[in-house]
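Q: Supplied in structure tokens, the structure appears directly below.
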Amino acid sequence: MTPWLGLVVLLAGWSLGHWGAEACTCSPSHPQDAFCNSDIVIRAKVVGKKLVKEGPFGTLVYTIKQMKMYRGFTKMPHVQYIHTEASESLCGLKLEVNKYQYLLTGRVYDGKVYTGLCNFVERWDQLTLSQRKGLNYRYHLGCNCKIKSCYYLPCFVTSKNECLWTDMLSNFGYPGYQSKHYACIRQKGGYCSWYRGWAPPDKSIINATDP
């Protein structure tokens with residue numbers, strides 16, 4: 001592995017199975033985990049892009065118009081550029097210019113924001129209402145909880161701060177029902193559990209007017 005590739009792994013925090021010439025491999029991640037583990041979470045529109053000679057295959061630099069920031073106020077309160085690998089085999093991200101608004105997550109290194117295929121990136125119009133509510137406040141409430149992935153039955157939680165994520169059993173599985181509609185939030189008594197919003201949990205933890 002070249003020094004540059006090692007640096008990219010460190011920068012983006014991508015959970016890659018391998019660096020290969022043919023494909024990018026990522027571990028599934030619930031949107032809440034992606035939110036809590038990212039330096040930057042923003043809603044933005046791509047307004048330009050350019051290829052710079054940085055790294056083995058170059059780096060794409062997207063110019064963005066930031067609409068809203070959900071996480072990263074102390075790291076970088078206003079994001080103007082997003083960096084990603086030019087090669088999709090190295091998990092480079094392809095975004096449309098002047099077409100869609102995106103939910104973008106990434107890591108900050110040396111004053112630059114980096115993202116890729118293993119980060120949570122989605123068109124804004126493809127997000128569910130629950131995911132949008134999660135970005136505004138629910139996911140933040142659950143950053144001290146742990147989402148435990150279940151790939152094979154039987155699966156069990158082993159501590160009170162865990163929520164069992166079972167999307168992979170029926171939908172290997174991503175995005176599944178829990179990814180689209182649930183957040184793992186600490187409830188009264190210190191236990192974490194899945195929350196969609198049918199009945200408000202402890203009023204001291206979440207706004208009781210939440211639908």
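Including glycine, each Cβ sits where the backbone N, Cα and C put it.
What TrEMBL lists as signal peptide is 1-23. The feature domain 'NTR' is assigned by TrEMBL to 24-143. According to TrEMBL, the feature Zn(2+) binding site maps to C24. Per TrEMBL, the feature disulfide bond maps to C24-C91, C26-C118, C36-C143, C145-C192, C150-C155, C163-C184.
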Q: Count the other Cβ atoms sitting within 10 Å of the Cβ of C91 (disulfide bond), across every protein chain shown.
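A: Neighbour count, Cβ to Cβ under the 10 Å cut-off: 23.
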Q: Please give me the disulfide-bonded residues out of C36, C145, C184 that lie within 10 Å of C91 (disulfide bond), comparing Cα atoms only.
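A: Final answer: none.
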Q: Just to be sure I understand: of C26, C150, C155, C163, C184, which disulfide-bonded residues have a C-alpha no more than 10 angstroms from the C-alpha of C143 (disulfide bond)?
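A: So far as Cα distances go, the disulfide-bonded residues lying within 10 Å of C143 (disulfide bond) are C184.
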Q: Out of the recorded positions C24, C118, C145, C150, give me the one sitting nearest to C184 (disulfide bond) by CA distance.
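A: Smallest Cα separation from C184 (disulfide bond) among C24, C118, C145, C150: C145.
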Q: Would you kindly give the Cα-Cα distance separating C155 (disulfide bond) and C192 (disulfide bond), rounded to the nearest Å?
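A: Checking the Cα atoms of C192 (disulfide bond) and C155 (disulfide bond) gives a distance of 16 Å.
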Q: Sort out the sequence-distant neighbours of C36 (disulfide bond) for me: same chain, 6+ apart, CB within less than 8 Å of its CB, listed by position.
A: Y139, H140, G142, C143
Q: Counting distance between Cα atoms, which of the recorded positions C24, C26, C118 is nearest C150 (disulfide bond)?
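A: Nearest listed residue in space: C26.
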Q: To the nearest whole angstrom, state the Cα distance for the pair C26 (disulfide bond) and C155 (disulfide bond).
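A: Given the Cα positions, C26 (disulfide bond) is 22 Å from C155 (disulfide bond).
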Q: With helix taken as DSSP H, G or I, strand as E or B and everything else coil, how many residues of the domain 'NTR' (24-143) land in each class?
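A: Split into helix, strand and coil, the domain 'NTR' (24-143) gives 25 helix, 46 strand, 49 coil.
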Q: Could you measure between C163 (disulfide bond) and C145 (disulfide bond) for me? Cα positions, answer in whole angstrom.
A: 8
Q: For C184 (disulfide bond), just count the other CB atoms lying within 10 A of its CB, please.
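A: The answer is 29.
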Q: Return only the integer: C-alpha distance in Å from C24 (Zn(2+) binding site) to C118 (disulfide bond).
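A: Computed Cα spacing between C24 (Zn(2+) binding site) and C118 (disulfide bond) is 8 Å.
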Q: Do any residues at least six apart in sequence from C155 (disulfide bond), in the same chain, have a Cβ closer than 8 Å to its Cβ, and if so which, in order?
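A: Within the chain, C155 (disulfide bond) has Cβ neighbours under 8 Å at K148, L164, T166.
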Q: For C118, C150, C192, listed as disulfide-bonded residues, tell me which one has the smallest number of other Cβ atoms within 10 Å.
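A: Counting other Cβ atoms within 10 Å of each of the disulfide-bonded residues C118, C150, C192, the minimum falls on C150.
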